[in-house]
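According to Swiss-Prot, the protein has these features:
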- C56, C59, C67, H70: Zn(2+) 1 binding site (BINDING)
- C97, C100, C121: Zn(2+) 2 binding site (BINDING)
- D447, D449, D451: Mg(2+) binding site (BINDING)
- 806-818: region 'Bridging helix' (REGION)
Amino acid sequence: MEDDCEELQVPVGTLTSIGFSISNNNDRDKMSVLEVEAPNQVTDSRLGLPNPDSVCRTCGSKDRKVCEGHFGVINFAYSIINPYFLKEVAALLNKICPGCKYIRKKQFQITEDQPERCRYCTLNTGYPLMKFRVTTKEVFRRSGIVVEVNEESLMKLKKRGVLTLPPDYWSFLPQDSNIDESCLKPTRRIITHAQVYALLLGIDQRLIKKDIPMFNSLGLTSFPVTPNGYRVTEIVHQFNGARLIFDERTRIYKKLVGFEGNTLELSSRVMECMQYSRLFSETVSSSKDSANPYQKKSDTPKLCGLRFMKDVLLGKRSDHTFRTVVVGDPSLKLNEIGIPESIAKRLQVSEHLNQCNKERLVTSFVPTLLDNKEMHVRRGDRLVAIQVNDLQTGDKIFRSLMDGDTVLMNRPPSIHQHSLIAMTVRILPTTSVVSLNPICCLPFRGDFDGDCLHGYVPQSIQAKVELDELVALDKQLINRQNGRNLLSLGQDSLTAAYLVNVEKNCYLNRAQMQQLQMYCPFQLPPPAIIKASPSSTEPQWTGMQLFGMLFPPGFDYTYPLNNVVVSNGELLSFSEGSAWLRDGEGNFIERLLKHDKGKVLDIIYSAQEMLSQWLLMRGLSVSLADLYLSSDLQSRKNLTEEISYGLREAEQVCNKQQLMVESWRDFLAVNGEDKEEDSVSDLARFCYERQKSATLSELAVSAFKDAYRDVQALAYRYGDQSNSFLIMSKAGSKGNIGKLVQHSMCIGLQNSAVSLSFGFPRELTCAAWNDPNSPLRGAKGKDSTTTESYVPYGVIENSFLTGLNPLESFVHSVTSRDSSFSGNADLPGTLSRRLMFFMRDIYAAYDGTVRNSFGNQLVQFTYETDGPVEDITGEALGSLSACALSEAAYSALDQPISLLETSPLLNLKNVLECGSKKGQREQTMSLYLSEYLSKKKHGFEYGSLEIKNHLEKLSFSEIVSTSMIIFSPSSNTKVPLSPWVCHFHISEKVLKRKQLSAESVVSSLNEQYKSRNRELKLDIVDLDIQNTNHCSSDDQAMKDDNVCITVTVVEASKHSVLELDAIRLVLIPFLLDSPVKGDQGIKKVNILWTDRPKAPKRNGNHLAGELYLKVTMYGDRGKRNCWTALLETCLPIMDMIDWGRSHPDNIRQCCSVYGIDAGRSIFVANLESAVSDTGKEILREHLLLVADSLSVTGEFVALNAKGWSKQRQVESTPAPFTQACFSSPSQCFLKAAKEGVRDDLQGSIDALAWGKVPGFGTGDQFEIIISPKVHGFTTPVDVYDLLSSTKTMRRTNSAPKSDKATVQPFGLLHSAFLKDIKVLDGKGIPMSLLRTIFTWKNIELLSQSLKRILHSYEINELLNERDEGLVKMVLQLHPNSVEKIGPGVKGIRVAKSKHGDSCCFEVVRIDGTFEDFSYHKCVLGATKIIAPKKMNFYKSKYLKNGTLESGGFSENP
């Protein structure tokens, strides 16, 4: 039995780093045990288990747990280029000249002063440039290198008349019989591996080492054969024994053995074998462009790439875990978890045996001993089977889970810190489910509709201590995301708390109060009513008194919003409202945490029990009568009529908003006197046009929601006070008023989140369902075959209570039943992984800074928190900030993503990915208005309109009413003009409304032609643009106050005439698209309102927000960025814009314009706004840390693997293993191996994967180093007294100090001085207090000690550690201490004074310089503090020639 329990010994060592490299031929020979010379040796028994012999012929093992397998090697007949280096070799060959092997530069013209170069380096010699490239971009098909003639150079030769290449153009390539050059193009050659070696032969080795660091692995003369265990896919058991089935790699290995083809074929087979490696199979694609053309889908490994990294290398498996469904149990305490007895018996807890727990542990093992007659314990490093009598102290016993044990509970996904809670076990007689108090659902973000909880049973003492001290529920009462309370009242408790305070007739007698007092932690107060009535002499208590029994004595709390006042634990006042009871800012639980944090859990648990019992006594149920809201038929009728009126009013508001759009203003002028019978058709037209435009739909939805709030308010007007739905809604415990309105009153607005091919009719009736002209039929108009896009929009007037007709049911299904976030359901998880990838290793260091464990890089100088810095030292602050934002992203999934509303989730994604360098089609700029506009009435409104009018592009086509081409030749002109003249008619009313003139239009067209004439690509000289009040072609049109603008083409010559089609198809579209006002690059300008916290603050503005303009521009403009172009456009209106607050919304562009500090501020403001839109509140320190982690290198990087890799590259802390855990492990490992990178495993994820402890948090390691110097303690010293007496002294200023100033006390000066200063606490002490502690005698002893030290050493001899420490401290009292210390003190020595034969102390600085000083000046500085009246006495005694001066003494040193 002991043999069965024997465990394998694991090698012990300290892992410091891992190195990556490409194996060379020597490495493969050393790790192989067999040279494969025949195809059948690929599955040889010497390559490990499993094999046909069932025994490993190398190590003799028969168990796969002992034998992990052995490698073999296949030697090739000739060397080939390692396929991994083909890309680097091609890049290196492109840098050098193939003829002279020098670094290739631009070809130049030979002159007398220039040295002679080879024909490939010289211009105009007929030898064009060439380019080397691999045969394909895919890594697994790079079997060779191709060289091609540069097409641009070849075209230049053809223009000079040289049609063919010189005969010796390819002479730099040695002849290779394996390549038939006759079938190749004359401008292209396939280079064999032998030819590559020949080209690399003459290149400078330094250049090769720079581009190919692992050059010794370039040649591939052998290939490794993996052990059998990595290639066996199936074991089939037959009558004659087991039959092994190997994977596709085994077949390819056999094809490599004894291969006799050319190098290109051999390289192709090597790449085919690499394709089937587990690590590289992540690039296998099911598409047509698969990396391996010979691949079969059935041969693709199932566990591949990133999944292999996560499941095999990063996945940690344990037998001490469980997962099951959770149910609610309010009888459990908040920190308890109910575990079924059947599950508890199967979970084991390790515990060391000692005298205190021996009896308890032996008793717990009685059932086991009755069944098995023996028990297993771990004694030392071995598992042994023993009897009870053989137990020894120190044995590790494995017992079943018991009451009082601690387990770690978690509900995936763990998106925030508090989803991991250590809870106390309580064994329950249940089956298959765990039980949880409903109040604890909030931190787990779960409920009881089938959610599962994961449990982890700690085994080590360290793990148990960490659970109790770090993640226990009583240690997580404050939510680290928003700084408020983590727990709050549950649904039933919250409803009861609201009712017990709101109900005016809530009175309780003595029996009821005594019954409820059993659940309250504090005493029963005196009754509020001594005698209720003559018939009832029993005293009465109010509901407020009942609820006040939950507050401890001395508790004071106010909540002005609900008029709540609590004084000394007594609830004095309260008005209708439940905000102070909910999980909001300033609630009573948050105040209880500040009053007495240790009692909060008990108070919340007592409140739940008491309030649930009171609600059970009172009763609360929901019936169909609650849905009717009204108590009688007439009230219900009135409610229905008001709902109908409210919906009509909301529709009118939408129509008015639609008429305010500029494109609909003509409708008011034309239809202002329409007949009444046409109004119905106009409303139908409004509805139809609204659904065809996303802008109009967005405007209508916003206006309808604003007007619809009045309809929702009818629920409170007509609903009874006893309505259970309204009670729960007011209490905030269940549902919302919107759902109640949909069920009881009307469903209301229904709009689709995506565009559809059909629309909704204005009235959702059965007649509209059957109408052939309804928008439901799709296309409308003459061309019924065209497909139009709609944004469906409709209003359902019925409710679920009254029922829906078929069309209303269809509309509701189309709009509401669609999965609004199905396309972005994985987005929060992606953001969470990326944020955690960036911030996982950021922690609070012990010096108060925030650092990254990679290279100990500084992220923040101080962490901006309200609490003391010591409380967060060692914490993983980056993970906390990442979790805070991740939770906000997950909460945004509940908000729909549609065309009509901005998605908070996508907005948050765009803010976090601001560092991406991907080209953006559009960029936005924020322009804030200048303060001087406030001096005018409505100055900001008029100013914003004027800026918009100046910037927004107004195309020529928008003001032109008629365009035509007239044939009117002119023969009397000096310049040749085209006979085709373009006429454009413009109404003067339009010009006036657009604030334009005919002259300004002509000027704008001329400017646009001069700046954009290259876009025309027409053979013309110029355009003659004029304006006139009469038109030769249509005089009747000019009578309506129209202006005619003519455009005539100036021909290059009289013989060249521009064709009519060129004018019609090219010139006229160009002119109509030209802007006559605004900028060509500006797409649109929106006037928006922003709340004050989201906008840069303006001095002296008391408003809650302000107007600003959002300018949308088309991408980047080459050398000129969008911001520069906008500045030039705004030159005429510079004074109207506050340029100190205006900025580009693109963070990278903002940083390039204003610097990284301004970009950081804008990023934090945008991030705060995006988080606020999700409905979550996050502490500002989390937002600042996210901004600093992304911009720690001086610029914002992309939130992806490339951005993280760039940070590691800038900080010179490569971490390929950590990056491989995030994405593309094969590419990460391959790149690191080709560069020979060493990974120091500084991160947390790589440290844990390799069995190390992360270097922060509770895993922060330190070592005690013994100094080789002798400290000189002759008698035993109490280490605690010694450590408490050692103080750190700050550098003092040489300026005189008053009695109110503070200084730092002396440190360990001398043994005689130590007894007097040990009582100091190391903090700043007033000088007046120092004088009461130290005396002149202490100063004399200090002077004598320094004199003794000075004369105890030889000249130029360094002081020992103790004396050096004393002199360093005293040096701080020197009046010129800063100048004496300089860059820093390396040591103190005794030197000969420069001013005589006496000795003095000399500072040895860290830069190698020396500076002497007099210790008398230092003692005199101490005298000035302790005994200023003794200064003249000390000077006369020790400083013979010293005289007191302002700021110091005249003694030389």
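Each residue, glycine too, has its Cβ placed from N, Cα and C.
Buried or exposed, and what's around them? Tell me for each listed feature.
In the three-state DSSP reading, H70 (Zn(2+) 1 binding site) counts as coil. Neighbour count (other Cβ atoms within 10 Å of the Cβ, all protein chains): 23 for H70 (Zn(2+) 1 binding site).
Around the Cβ of C121 (Zn(2+) 2 binding site), a 10 Å sphere holds 21 further Cβ atoms from the protein chains shown. In the three-state DSSP reading, C121 (Zn(2+) 2 binding site) counts as coil.
The C-beta environment of D449 (Mg(2+) binding site), restricted to residues of the same chain at least 6 apart in sequence and closer than 8 Å, is empty. A coil conformation is recorded for D449 (Mg(2+) binding site) in the three-state DSSP classification, outside any helix or strand.
Taking H, G and I as helix, E and B as strand and the rest as coil, DSSP gives the region 'Bridging helix' (806-818) the counts 11 helix, 0 strand, 2 coil.
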For C59 (Zn(2+) 1 binding site), which residues of its chain lie six or more apart in sequence with Cβ-Cβ distance below 8 Å?
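Looking at Cβ-Cβ distances below 8 Å from C59 (Zn(2+) 1 binding site), excluding near sequence neighbours, one finds V66, C67, H70.
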Please name which of the binding-site residues listed here, C97, C100, C121, D447, D451, is nearest in space to C56 (Zn(2+) 1 binding site), Cα against Cα.
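Minimum Cα distance from C56 (Zn(2+) 1 binding site) across C97, C100, C121, D447, D451 lands on D451.
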Identify all same-chain residues not among D447, D449, D451 whose C-beta atom falls within 8 angstroms of the centroid of the Mg(2+) site's C-beta atoms; report them in sequence order.
V326, C441, G446, F448, G450
Across the whole of the region 'Bridging helix' (806-818), what does the mean pLDDT come to? Round it, please.
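Here the predicted model's pLDDT, averaged over the region 'Bridging helix' (806-818), is 81.
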What's the CA to CA span in angstrom from D447 (Mg(2+) binding site) over to C97 (Zn(2+) 2 binding site)?
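Cα-Cα, rounded: 71 Å.
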Please compare the binding-site residues C67, C97, C100 by how many other CB atoms fall within 10 Å of each one's CB, and tell me which has the fewest.
C100
List the Cα distance (Å, whole number) between C100 (Zn(2+) 2 binding site) and D451 (Mg(2+) binding site).
72
Given the recorded Zn(2+) 1 site (C56, C59, C67, H70), which additional residues of the same chain have their Cβ within 8 Å of the Cβ centre, ordered by sequence?
R46, G48, L49, R57, T58, G60, S61, V66, E68, G69
Here are the binding-site residues: D447, D451. Which has the lowest count of other Cβ atoms within 10 Å?
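Per-residue Cβ counts within 10 Å for the binding-site residues D447, D451 bottom out at D447.
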List the Cα distance (Å, whole number) between D451 (Mg(2+) binding site) and C121 (Zn(2+) 2 binding site).
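Here the two Cα atoms lie 72 Å apart.
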I'd like the Cβ neighbour count for C56 (Zn(2+) 1 binding site), meaning other Cβ atoms within 10 Å of its Cβ, all protein chains included.
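For C56 (Zn(2+) 1 binding site), the 10 Å Cβ neighbour count is 27.
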